[in-house]
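One structure is given here, and the rest of the page talks about it.
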Amino acid sequence: MSAKIIDGKKVAQLTRDEVKKDVNDWVESGNRAPFLQVVLVGNNPASDVYVGAKTRACKEVGIETDTMRLPDTISAKELEATIQELNNDDSVDGILVQLPLPNHLSSHNVIESIDYRKDVDGFHPMNVGRLTVGQPSFRSCTPAGIIELFKHYSIPTKGKHAVVVGASNIVGRPISILLNKEKGEEGKATTTVCHKFTKDLTQHTISADILIVAAGQPNLIKGEMVKEGVVVVDVGINRVADETKEKGYSLVGDCDFESVKEKASWITPVPGGVGPMTVAMLMKNTLLAAKKSIYPQ
Ligand code: GUN
């Protein structure tokens, strides 16, 4: 079998087109355009690239945005005071603090200082908790994007064994919760979450009907570790040295694409798989924040 490609770039474009239309309708009905405040601390080159993609998407769909660049010397107190101001500013609908933060800052404290009603990343414990108990919440953008891809391609999850490799708060844990949901339209899969202490990873990956890999390790998953017909979602974006490229590196996922695609029924490429969906779902969340759809006031 050679896998069919899950085209995240295409589905992300469709999602952005839909958000653009909805933003336009919202503004035509007399509301101001949604506003996303991005906060970028320090000089992480990868964060610069991600924030660039997010602000370009905002412009495309008609969401207004500003990136506040703060020095990596900023204290926790100063950063929290800045976030408080944004929380209290009625012209700000969504607040996104790009991660990772410099080591002296606690991402937990910073995330908790954001008003959960403006937490378009879906990282605040209020949103994570509500997601866990099946209440409306902002959903972390990458997991929400994966669910959207399954919907678009009519890939069923009900009754399947979904194996998640990586237990991060941003991807692994929330996607395992969404896939495991028993009520509603989505999920209904049986989930296994693997992490760096998992013994014999292959024992788990080989039994997966759906394999979500978000470990941040290039070539972690090879063809011999998966079963025939598996649906593979590769969340990894790793820079590996490549002299043939102008930049000196190329982007690869956590799967050995060539060998895994021979066994899989569906697979996401890197780049062009999950990455663009993360950005598109952020646009959706920002519009939801502006409309106060999740937390009516
Ligand atoms: N760093 C890597 N991914 C993300 C994301 O989705 N949101 C934020 N804020 N930071 C990130």
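Every residue gets a Cβ built from N, Cα and C, even glycine.
Now, the feature entries from TrEMBL:
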type: DOMAIN; residues: 6-121; note: domain 'Tetrahydrofolate dehydrogenase/cyclohydrolase catalytic'
type: DOMAIN; residues: 140-293; note: domain 'Tetrahydrofolate dehydrogenase/cyclohydrolase NAD(P)-binding'
type: BINDING; residues: Gly166, Ala167, Ser168, Ile237; note: NADP(+) binding site
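Annotated features taken from TrEMBL, shown on the structure.
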residue: Gly166; record: NADP(+) binding site; Cβ contacts under 8 Å, 6 or more apart: Gly172, Cys194, His195, Ile212, Val213, Ala214, Ala215, Gly216, Val235, Asp254
residue: Ala167; record: NADP(+) binding site; Cβ contacts under 8 Å, 6 or more apart: Arg173, Ser176, Val193, Cys194, His195
residue: Ser168; record: NADP(+) binding site; Cβ contacts under 8 Å, 6 or more apart: Ala214
residue: Ile237; record: NADP(+) binding site; Cβ contacts under 8 Å, 6 or more apart: Leu251, Gly253, Val270, Pro271, Gly275
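Each residue of the domain 'Tetrahydrofolate dehydrogenase/cyclohydrolase catalytic' (6-121) gets a DSSP state, and the totals for helix, strand and coil are 61 helix, 18 strand, 37 coil. Across all of the domain 'Tetrahydrofolate dehydrogenase/cyclohydrolase catalytic' (6-121), the predicted model scores a mean pLDDT of 98.
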